[in-house]
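These come from TrEMBL:
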- ASP14, ASP16, ASP180: Mg(2+) binding site (BINDING)
- ASP14: active site, nucleophile (ACT_SITE)
Amino acid sequence: MHDALNDIDLIIYDLDGTLIDSAPDLALAVDDMLQTMNLAPAGVDRVRDWVGNGSRRLVERALEHSGAFNADGAGSEQVDEALALFMDAYARHPVSRTYCYPGVIECLKAQQARGISQALVTNKPSRFIEPILDAMGLEGFFSHTLGGDSLPQKKPDPAPLAHVARALDIAPQRVLMIGDSRSDVQAARAFGCRCLAVTYGYNHGEPIAALNPDHLLDSLEELV
Ligand SMILES: O=C(O)COP(=O)(O)O
Ligand SMILES: [Mg+2]
């Protein structure tokens with residue numbers, strides 16, 4: 001068994017950039033929103049770097065990039081309208097070009113067989129979680145799933161991690177967070193649990209190794 005799993009009773013996974021490559025569908029929805037607003041499309045290579053802090057921040061980054069903001073930033077009304085367009089577009093095609101990374105299902109099955117509890121904490125709005133997990137064949141593995149809007153705080157705040165661990169009565173020292181971005185590493189540090197980062201995810205275009213996670217993996221297959 002991989003060292004990262006020593007003394008671990010609960011694994012909390014991130015979703016986007018860790019279990020699934022959702023950037024192509026997120027980019028379609030962002031570009032759909034921008035087109036409706038008569039702004040130029042952003043494209044998947046930019047959108048990938050904007051994922052990880054929830055849909056509102058994604059939309060703000062797209063508006064900032066497109067020049068829709070003046071120096072003082074957009075009004076929250078403008079962001080609200082853009083966010084509604086984005087959410088509608090993403091709801092129409094959440095999984096048209098989304099796929100599970102290699103080794104993910106095998107990893108989830110292996111930990112399930114070992115009796116390790118598994119949960120999902122994403123900054124994605126919670127309404128998208130179930131349809132995406134169902135379409136990817138990832139349903140049935142997680143005792144808890146939390147989205148960016150499930151609690152008042154989201155990653156990098158440790159609150160969603162603490163919420164799940166408390167519900168399962170598991171101490172932080174026995175929890176492993178697996179993610180792709182700085183929010184995941186920072187949430188794990190703040191909660192006091194161990195942290196494993198995958199190298200293939202998004203992390204705003206920066207190498208995740210710079211954040212010194214406890215473990216780095218190129219594939220979740222290595223945890224099987
Ligand atoms: O920012 C998002 O919407 C989702 O990001 P996460 O699944 O990597 O937390
Ligand atoms: Mg992520």
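For all residues, glycine too, the Cβ spot is worked out from N, Cα and C.
Note that TrEMBL annotation is computational and uncurated.
Take the CB of ASP180 (Mg(2+) binding site) and look out to 10 A: across all protein chains shown you find 24 other CB atoms. All protein chains considered, the CB of ASP16 (Mg(2+) binding site) has 25 other CB atoms within 10 Å. The residues near the Mg(2+) site, meaning same-chain residues not in ASP14, ASP16, ASP180 whose C-beta sits within 8 angstroms of the mean position of the site's C-beta atoms, are LEU15, GLY17, THR18, LEU19, VAL51, GLY52, THR122, GLY179, SER181, ASP184, VAL198, GLY201, TYR202, in sequence order.
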